[in-house]
Amino acid sequence: MANPTFSNNPVFNGRGAQPTREVTPESLDELYNRPSATSVQTDRMTFEDTTVKTVSLLAIVVVLGAVAWISGPLALPLAMLGAIGGLVLGLVNSFKKEPSVPLIVAYAAFEGLFVGGISRVFDSIYPGVATQAVLGTAAVFATVLLLFRSGKIRASKKATKIFMVAMVGYLLFSLVNFALTAFGVLDSPFGLRSATIAGIPLGVILGIFVVLLASYSLVLDFDFIQRGVRSGAPRRYGWTAAFGLVVTIVWLYVELLRLFAILRGNN
């Protein structure tokens, strides 16, 4: 699967065994007469509990992002610190079988520094671009969520395979582009993305394509979460689901931030 946060975990990938219990008329009657149980009482993962956890992590991202935003000349160093810390903790959390709340919270904090710092840098060059990226991220997230809940879009094996191939290609492009820019081979801060095809910056074409990839990644995230809830996954895995969503949301935001910056620079 696409997101190792979910695909490496048997709770979400469908390979985990679920406990069963004998159902009798008496037990059914007892369950019917009970009041509705909360996720805390059942110790099972629910959509509501996962939403609360996701919002909590996003709040941490926003708060630390605000700190980096108002830090002035420290914005870029904080962004670099956040990028390194977020990358390390992102990999650690992605490949852990059991969720670690402290590590997930720490990841959100580092990502907040990265997002806030890089947004401040971009916004100082292209005023208002950060606001555009925030609104764009919210619009894409809401649209994908509504389409998924309505059943109009679903994850499929074929689409996921195409997604994985595209992601590998994009990763290789990003590594080459970073190397060419870091070693001074290319002068533009956007590297190869500044090249034009029929008068259109490659960064714009690639940016739109990657936003579509991030949108499908959201579909995969929602699908994994739905699978976890339906299989009765333990409540603690709501943190794993929340972490996976935050990873995708931050990725989507950064891609939109860069896309809007390239569009502004081209004008």
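The first residue you see is number 1, and the count goes up from there.
Each residue, glycine too, has its Cβ placed from N, Cα and C.
Annotated features, as they stand in TrEMBL:
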COMPBIAS  1-11  compositional bias 'Polar residues'
REGION    1-28  region 'Disordered'
TRANSMEM  51-70  transmembrane segment
TRANSMEM  76-92  transmembrane segment
TRANSMEM  104-122  transmembrane segment
TRANSMEM  128-150  transmembrane segment
TRANSMEM  162-186  transmembrane segment
TRANSMEM  198-225  transmembrane segment
TRANSMEM  237-254  transmembrane segment
Under an 8 Å Cβ to Cβ limit, what residues of the same chain, 6 or more beyond the ends of the transmembrane segment (128-150), are close to it? 119-120, 122, 211, 214-215, 218-219, 222-223, 249, 252-253, 256-257, 260-261, 264
By Cβ distance under 8 Å, which residues at least 6 away from the ends of the transmembrane segment (104-122) in the same chain are close to it? 57-58, 60-69, 71, 74-86, 89-90, 93, 129-130, 133, 239, 242-243, 246, 250, 253-254, 257-258, 261
Give residue numbers and ranges for long-range contacts of the transmembrane segment (198-225): same chain, 6 or more residues beyond its ends, CB-CB under 8 A. 1-3, 6-7, 12-13, 47, 50, 140-141, 144-145, 148, 153-155, 159-160, 163, 166-167, 170, 173, 190, 192, 241, 244-245, 248-249, 251-252, 255-256, 258-259, 262-263, 266
